[in-house]
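Working notes for the structure below.
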Amino acid sequence: MRLDNSVDEASSDALDQSSRIITPSTHEPPSNTRAPALATFTREQIKARIGNGEVLVLHRSYVYKLNAWLHKHPGGELAILHFVGRDATDEIEAYHEDKVLRWMKGFIIGRVSQEDWNETEGGEGWKPLNPPVQIGLWPMHTIRPRATDPTSRTRPASGSEDSGYATADAESSSESQEFQEEKGPKKDLIQRHSKVKKSGTLLRSNPNPQDLQKFSETLEMSFSAKLEALEPDSLTFNHNLGEYDVSPARQQHLARSYRVLHDQIRSAGLYEAPRLLYGYGPDLIRYTILFIIFFFTSPFYPLLNTRFLSLMGSSVSEPAPTPSTLQYFISSVFLGLWWHQITFVAHDAGHSGITGDWTTDRLIGILIGDFLVGISIGWWCDNHDIHHLVTNHPEHDPDIQHLPFFAVSNKFFSSLRSTYYNHIMRFDGFASKMVAYQHRLYYFIMMFGRFNLFFNSYLFLANSKKQNKYRALEVTGIIFFWSYFGTLLYLLPTYPIRIMYLLVSFALTSPLHVQIVLSHFAQSTADLGLTESFAHRQIRTTMDVSCPPYLDFLHGGLHRQVTHHLFPRLPRHNLRRASENFVKPWCQSVGLVYESYEFGEGNMRVLNVLREVANQVKVLGIVAKAQARGEIHH
């Protein structure tokens, strides 16, 4: 979940005033500050409010109502929706700096009752609810029983209406208004549902009392069914899932221990960017060298050199020699290598890992991602933030949803519905054929991964429903990219050379695509339920790539994925120190397996997973053919 610090000044000023009242974030209210009384909510009350369409997320026992912020959230709506009804304490604090946590208090409407929070040592913590978006109930339509559940109208105690909490609740209350008997529920029902067919009865503009009674009863049943759907299945809380202990007590222990680890990371100053000499200084030298070699071997150089000499008044007695095909090939290689390396900086910027300021880092990301590389940083953040929050979940993580080309689990054989793309990932005949040979086609397809990034980027920018305050600037950047790259291709002498230049430069970025998936494709894709802690999920689904320090630049920080997933805002150049000095010892102390492999071994693990899934497809094909021939009888 990602609020970051891109809030407008007016909202920030208003909320800063309320910050003098109470400071929730990661701490209790100061003892010398008189805090306003807060409503206390039980789990049943929170469930009822979610059933009525409220977007409620929990953090340190506070209840945040985020309906009014949902469409403004810089990290996208899904980053919030995946944690409705859940304790998102670790996710929120991993993604947001302290000033954003203080700003967030304007959305607090109450606290969870002590009995339901139960975060004491040995306690099982909050029992999560099913997020509506994960069970097909989003968007939540306001469906109310005739007699409004009084628990859904719980308000802060008298005298607190002027606080930030009351303001946030009132701001979004219009999105889920309740039916009140004195305001005419029958008239409201008719207006809201006059065109809805329920139980075989289509309500007319003037329904008779029998139709109205039947429809009202249907609403009651729908509301009850919705509340029942929000309750996780008993299997979700199964404590014995093979090698993993996901008992609530164990996961709560890991969560508390992770927060101590996070405090140690902060105290060590690892969120502060290292000095230039130890940070981006050497990287900038490498980027400059790659660009210079690309430029002086590209068709830009002789053209600009001739123009420059003309402007200086020098006579050009004879035309410059025509560059060879080999020279163009070298140019395309170094252009691809330059793109590959600077994309790591865009990744850092997307995580606010350069300056720590969301706006500054987002503009850096747009400059590199959109203007220089041609990929929307807005799309990348929208996609990548979800990947970090629901890592390796087949239905929710877009970074492992690559049908019809790849399937890293046999779960994809069931044609799952992607909550990110909002469509069915059909495992049809074409997908079956591709997946059956995916381990053989893996690297070849990765060579064309850049085209997939283009497609998703431009689809995102064309979708006006996606929140993106820098859409116009990003579109300008994409136009600039294709202007300079299109001109570069135009200056090449022949079509075969142009095609060669495009394919080689794009293929040289393919190691980036391999590096992106390397840390996850071979890891667990099991759904361990809603009680799994943030830290346990990240370590279970992520592996590192080991290499000596002098090769860190080749991976751009992507080889320290375990630490990066635990602390996504950490500057890239501090990841090795955080990993060696803090994360690895912590994993050992709490009994978690920290997986790390050399680059070659990691690739073999990925290929083995792809081969295993491919073999399962082939077996299914053999069985299907045998059934068709009548050789298998039930």
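Every residue number used here counts from 1 along the chain in the order it is shown.
Positions of Cβ are set from backbone N, Cα and C atoms, glycine also.
Copied over from TrEMBL, here are the features:
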- 1-11: compositional bias 'Acidic residues' (COMPBIAS)
- 1-35: region 'Disordered' (REGION)
- 14-34: compositional bias 'Polar residues' (COMPBIAS)
- 38-113: domain 'Cytochrome b5 heme-binding' (DOMAIN)
- 144-211: region 'Disordered' (REGION)
- 149-161: compositional bias 'Polar residues' (COMPBIAS)
- 180-191: compositional bias 'Basic and acidic residues' (COMPBIAS)
- 202-211: compositional bias 'Polar residues' (COMPBIAS)
- 284-304: transmembrane segment (TRANSMEM)
- 363-380: transmembrane segment (TRANSMEM)
- 441-461: transmembrane segment (TRANSMEM)
- 473-493: transmembrane segment (TRANSMEM)
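Away from its own ends, the transmembrane segment (441-461) comes close to residues 374-376, 378-380, 382-383, 405-406, 434, 468, 471, 474-475, 478, 506-507, 509-510, 513-514, 606-607, 610 of its chain (Cβ-Cβ under 8 Å, at least six residues beyond either end). Note on the transmembrane segment (473-493): residues 298-300, 303, 322, 328, 366-367, 369-374, 376-378, 457-458, 461, 501-502 of its chain, located 6 or more positions outside it, place their CB under 8 angstroms from a CB of the stretch. Each residue of the domain 'Cytochrome b5 heme-binding' (38-113) gets a DSSP state, and the totals for helix, strand and coil are 34 helix, 17 strand, 25 coil.
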